[in-house]
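First up is the structure itself, then whatever we jot down about it.
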């Protein structure tokens with residue numbers, strides 16, 4: 001059990017003055033050797049009024065040994081330690097990260113950590129006990145009041161106010177982790193984590209300065225301190241997706257920022273990747289100004305290009321599988337298909353090399369299996385071509401048929417692969433989230449299934465070994481597989497080690513078809529309900545994740561597979577190793593302008609149309625992405641105040657901040673107060689008489 005830290009100086013009983021004896025002695029932690037004591041960290045910097053003092057954590061081993069006297073072999077070799085585990089977990093990001101990232105924290109990491117600790121103290125005091133989640137998330141919550149939100153905003157003062165939302169997300173992660181450690185208080189810590197989200201959303205939606213919101217609060221990267229080390233910098237956009245903070249990702253300001261990133265209106269500065277700058281040409285109506293290869297960095301155009309190449313890839317596969325060459329020769333369509341496959345494989349290996357093992361996900365494994373089948377098909381085709389067609393041994397035809405069989409076997413995966421690029425469409429995006437959650441829930445089913453299958457398989461093989469007849473292992477495996485697929489075959493077990501064989505098979509079938517499959521259905525149903533209840537928020541979180549994956553592209557020059565083969569064989573191998581950097585960058589721009597020219601012309605057309613809307617909005621004093629809806633077109637011709645309509649609406653609108661019972665109690669208190677005044681007047685008159 002981890003002790004909850006005490007904030008502020010220790011007090012003596014019955015006194016408000018700080019204790020002269022210092023902090024209390026360290027408390028022993030169950031199951032842990034180290035002891036923790038809290039001391040005030042004196043700081044010369046001015047503090048906010050009424051802000052809690054920040055505890056400094058110092059380590060005392062309690063056994064008289066110092067760090068220099070003891071050798072911790074696990075830490076020396078990097079093979080263990082809870083502190084090291086915590087560091088790795090904090091450093092891990094679900095979104096792609098790259099080894100060459102060296103972006104510093106916009107605010108010193110110790111200051112961000114102090115802000116996070118202040119906010120933690122605030123939330124622990126505001127949510128002191130286990131509460132219903134509805135009391136936290138209600139529109140006019142009596143727990144998360146405007147005063148609480150204002151206090152949270154002041155946790156960073158004037159200088160560090162921009163990192164408050166990030167610090168709230170750090171606290172959400174802390175509370176979620178604490179809920180996993182302290183299971184007896186899991187509900188309390190989960191409610192506190194929810195409170196972090198609610199406050200963060202309120203701060204985002206309550207910020208009026210859009211530039212400050214986008215540039216400083218959401219896109220600046222911050223770090224915290226763990227074990228004296230600075231964690232990898234991350235911004236609110238990334239951290240909210242990593243933590244699956246749906247309330248934050250669903251806030252209006254967050255979605256506006258994601259939309260600007262998606263359209264390429266906010267781009268990373270070429271000289272400082274930690275800074276996002278406004279795209280200056282978004283209001284330029286000149287067509288040729290927008291024919292710029294750098295615009296391919298915008299996620300919207302990268303996604304469109306990927307969809308186009310995926311459709312071409314699918315078309316090449318369809319042409320190859322429907323035009324079988326009996327001679328085994330490779331035609332143009334098949335050559336293009338395998339060139340595309342090589343490009344996609346190089347892209348996967350390149351990202352894995354730069355990102356590391358955290359890049360591996362469901363779709364990466366799915367694509368690698370598909371590319372593996374295509375590579376196997378190509379290898380068997382080469383084996384077929386190595387045999388003479390005129391030779392009568394039939395080996396060329398055999399391997400040629402095997403090659404097409406592998407190609408046909410991958411057809412379902414080709415079509416399912418399209419779902420990866422259609423997740424920007426709301427319907428497909430929500431369904432992909434459902435499928436993802438269902439696959440995770442399936443792990444419970446398959447874990448139970450494997451245990452049961454292994455147990456019964458051992459029993460059946462044991463019965464088979466005791467029998468002197470022929471080996472029936474193949475029959476056993478097929479019968480068990482049929483039972484899992486809800487097609488059991490009981491007739492084959494009548495003569496199999498009677499009566500044990502048929503009894504075991506009945507029990508196995510009952511467990512699989514009645515128990516486990518119903519558990520799986522229940523898990524799927526629960527996952528589907530959880531996702532569909534928050535389908536919109538889940539889609540917005542998925543869209544934000546996809547956007548950030550494009551924004552954090554590892555290459556300065558965007559060569560989308562299979563065009564990455566052009567980058568490898570036309571640019572990197574012959575020129576990158578000797579050409580000056582500026583000349584090489586200019587050469588990249590020329591090559592990108594040529595290969596992306598059809599897409600750039602189309603993109604420039606849409607950007608020119610968008611620029612006209614931006615200029616129109618700026619003339620009206622509106623935001624760049626504002627759209628005049630039909631109910632707003634004649635809104636200016638109605639004078640609510642002149643017609644007296646605003647007063648009438650004011651008199652009839654309900655008080656949503658208080659329920660009916662509260663309103664009646666307030667009314668009763670007012671009437672009781674009036675009655676009290678009347679009684680006092682009567683008593684005064686009687687005494688005066």
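Placement of Cβ uses the backbone N, Cα and C atoms for every residue, glycine included.
The region 'Disordered' annotation in TrEMBL covers 1-62.
Per TrEMBL, the feature domain 'YVC1 N-terminal linker helical' maps to 112-291.
Taken from TrEMBL, the feature transmembrane segment applies to 304-323 (among others).
The transmembrane segment feature in TrEMBL is assigned to 365-384 (among others). Counting same-chain residues at least six beyond the ends of the transmembrane segment (365-384), those with a Cβ under 8 angstroms from any Cβ of the stretch are 328, 330, 337-338, 341, 344-345, 348, 395-400, 402-404, 406-407, 409-410, 413-414, 416-417, 420.
For 443-461 (among others), the entry in TrEMBL reads transmembrane segment.
Residues 438, 441-442, 444-445, 448-449, 452, 456, 459-460, 463, 479-480, 483-484, 486, 488, 490, 493 of the same chain, all 6+ positions outside the transmembrane segment (503-524), place their C-beta atoms under 8 angstroms from a C-beta of that stretch. Marked as transmembrane segment by TrEMBL: 503-524 (among others).
Residues annotated as transmembrane segment in TrEMBL: 558-578 (among others).
For 590-608 (among others), the entry in TrEMBL reads transmembrane segment. Here the transmembrane segment (590-608) has long-range neighbours at 282, 285-288, 290-293, 295-296, 301, 304-305, 308, 557-559, 563, 566-567, 570-571, meaning same-chain residues at least 6 beyond its ends whose C-beta is under 8 angstroms from one of its own.
Per TrEMBL, the feature coiled coil maps to 658-685. Per-residue confidence over the coiled coil (658-685) averages out at a pLDDT of 84.
Sequence-remote contacts of a segment are chain residues at least 6 beyond its ends whose Cβ falls under 8 Å from one of its Cβ atoms, and for the transmembrane segment (304-323) they are 296, 331, 333-334, 336-337, 340, 344, 404, 407-408, 410-411, 414-415, 417-418, 420-422, 560-562, 596, 599.
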